[in-house]
Amino acid sequence: MSKAPPLRLGVNIDHIATLRNARGGRHPDPLRAAFAAIEAGADGITAHLREDRRHIRDADMQRLKAEISKPLNFEMAATDDMVRIALGVKPHAVCLVPERREELTTEGGLDVVGQHNALAPVIARFTDAGIRTSLFIAADPAQIEMAARLKSPAIEIHTGAWCDAVNDGDMAKADAEWQRVVAGAALARSAGLEVHAGHGLDYATAETIAALPEIVELNIGFYMIGEALFVGLGETIRTMRAAMERGRARAVAA
Ligand code: PXP
């Protein structure tokens with residue numbers, strides 16, 4: 001039996017809204033997707049209010065907060081406008097993500113080293129409001145150490161480079177990226193950060209990463225919404241949970 005802590009699944013429903021917006025009406029409704037995801041075993045719902053509102057809209061966030069029975073994770077850029085909106089919605093958690101090139105590290109995560117002066121007061125405001133912040137960063141030691149210095153309660157390790165390499169069949173790159181994720185998760189946990197991961201995960205990569213005991217939450221969207229077209233959202237989430245459980249069973253306590 002694994003002694004690793006439970007691994008939560010946050011289901012990102014952005015692309016239900018992408019589909020809805022393609023026709024400009026109300027269907028398919030991201031709130032209905034959130035209900036179905038929770039019914040099938042999601043531990044939380046994740047949604048990204050982008051500055052261009054390309055998928056989730058302000059009213060979606062309000063409805064999600066008002067209606068779902070599980071934690072809402074509000075992904076956002078750390079702009080004044082978004083901070084004001086998030087403080088109004090009062091989600092369980094926010095995940096600060098880069099939206100413009102100048103906010104990105106070379107690895108694609110948020111550049112917390114370059115932006116620490118701007119991020120510190122944002123994290124403090126959310127903490128004061130009882131909202132848990134996580135920073136979406138590459139598994140880079142300098143970024144992780146800065147996240148801990150900024151007293152962010154959590155980070156989310158950007159798994160995109162690893163997943164892309166796996167999907168491209170570039171196993172040398174995939175192995176190097178995986179080693180970075182493994183080392184980053186251990187460093188972050190030892191620095192006192194809660195460790196999450198996400199971006200580009202599918203059944204196989206979610207099963208693999210579930211074996212890392214430091215990681216307590218995965219946020220997964222695009223792959224599952226695509227799978228749901230063929231087998232339904234409930235079946236997709238149950239299959240994802242089973243993959244995560246198989247991986248978790250291989251974890252040894254951190
Ligand atoms: N985590 C964060 C911070 C993200 O920005 C995204 C993409 O919106 C995800 C997780 C989910 O990634 P994907 O849709 O590729 O599963």
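Each Cβ is built from the backbone N, Cα and C atoms, and glycine gets one as well.
Note: TrEMBL annotation is automatic and uncurated.
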Given that TrEMBL assigns Asn12, Arg23, Gly221, Phe222 to the 3-amino-2-oxopropyl phosphate site, pick the one from Gly192, Gly200, Gly247 that the record assigns to that site as well. Gly200
Taking the Cα atoms as reference points, how far is Glu75 (active site, proton acceptor) from Thr105 (1-deoxy-D-xylulose 5-phosphate binding site) in Å? 18
DSSP secondary structure for Glu75 (active site, proton acceptor), reduced to helix/strand/coil, please. strand
With every protein chain in view, how many other Cβ atoms are within 10 Å of the Cβ of His55 (1-deoxy-D-xylulose 5-phosphate binding site)? 21
Listed in sequence order, residues with CB under 8 A of Phe222 (3-amino-2-oxopropyl phosphate binding site) and six or more positions away: Asn12, His15, Gly200
Let me make sure I understand the structure: which of the recorded positions listed (Asp14, Glu75, Glu156) has the fewest other Cβ atoms within 10 A of its Cβ? Asp14
